[in-house]
């Protein structure tokens, strides 16, 4: 894609998300979602091939259906209240429809089927935008309408999402699919706490975005798309291999790393609200996610590729990719745990 076109498309994606974030009128929110959907499709089809075409079509159909459901919920709400404001939503039908529409946009279970397929079909950089930036707008609307949503519906979706995110990634070898299932599981954690403490959802989203950006950038630096190509890393770039190990364990939510903060806070919040069984169940399903992250770390850092590099000549050229953002992202996604009180104060 030519730079001027890419600049126009990216600025539309950014401005449409900001439009959704700052709007308090349902029509402008809906227009923001539509602009965002139409602008992201050229980014998904950046490397034009049949796989990318198929993935973009799946994405378009899912998002169009979600937009239609959202508009239906908005119209029902308008007929009952006569208002377009976001915060006034007395009708449970309108509320449930909007929740379903936003769940479809986020890829929550049972509307999750498009996420692994679309992420696998598009380039790494497009997949990175899809699993990070594209989550901000729908979650901001969920944050605003949280008080009027049905907590039982949200809990059911959260349980299904953490289960699907855990089970789905177990036998995957494609890195993009693994990260897609990881995204579904993380969305489940965010939705679980939305009714009790929406601010924790924002904290979880921020940490999830930094961890996922760091992971994608490490994979792109390494040009890895499968577990097999990842297993060559230790031979070529030992430092990158150890960084992948750290970010993977952080994504899994292991205690000394940043990924533990949101899980710890969410479990604490759920137990405070007499949801101890739910918290225990979610902590147990997090072990499924931890298993496939551990499998990736094992393939990356704990196994040596058979042909050790004994040649004097470098067998791969040095990477010329820009890594300016990588150090701060790695630091935030691994070393934030001691600063938890400060982070909570900020949120």
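Residue numbers in this text run from 1 along the chain shown.
Every residue, even glycine, has its Cβ placed from backbone N, Cα and C.
Per TrEMBL, these features apply:
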DOMAIN    23-287  domain 'NADH:quinone oxidoreductase/Mrp antiporter transmembrane'
DOMAIN    290-343  domain 'NADH dehydrogenase subunit 2 C-terminal'
TRANSMEM  5-22  transmembrane segment
TRANSMEM  28-45  transmembrane segment
TRANSMEM  66-87  transmembrane segment
TRANSMEM  152-171  transmembrane segment
TRANSMEM  178-196  transmembrane segment
TRANSMEM  202-221  transmembrane segment
TRANSMEM  233-255  transmembrane segment
TRANSMEM  275-305  transmembrane segment
TRANSMEM  325-344  transmembrane segment
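The transmembrane segment (202-221) makes contact with the transmembrane segment (325-344): 3 or more of their CB pairs lie within 8 A, with pairs spaced 6 or more apart in sequence.
Residues 203, 207, 210-211, 213-214, 217-218, 221, 243, 246-247, 250, 255-261, 264-265 of the same chain, all 6+ positions outside the transmembrane segment (325-344), place their C-beta atoms under 8 angstroms from a C-beta of that stretch.
Same-chain residues lying 6 or more positions outside the transmembrane segment (5-22) and placing a CB less than 8 Å from one of its CB atoms are 28-29, 31-33, 35-36, 39-40, 42-43, 129, 133, 136-137, 140-141.
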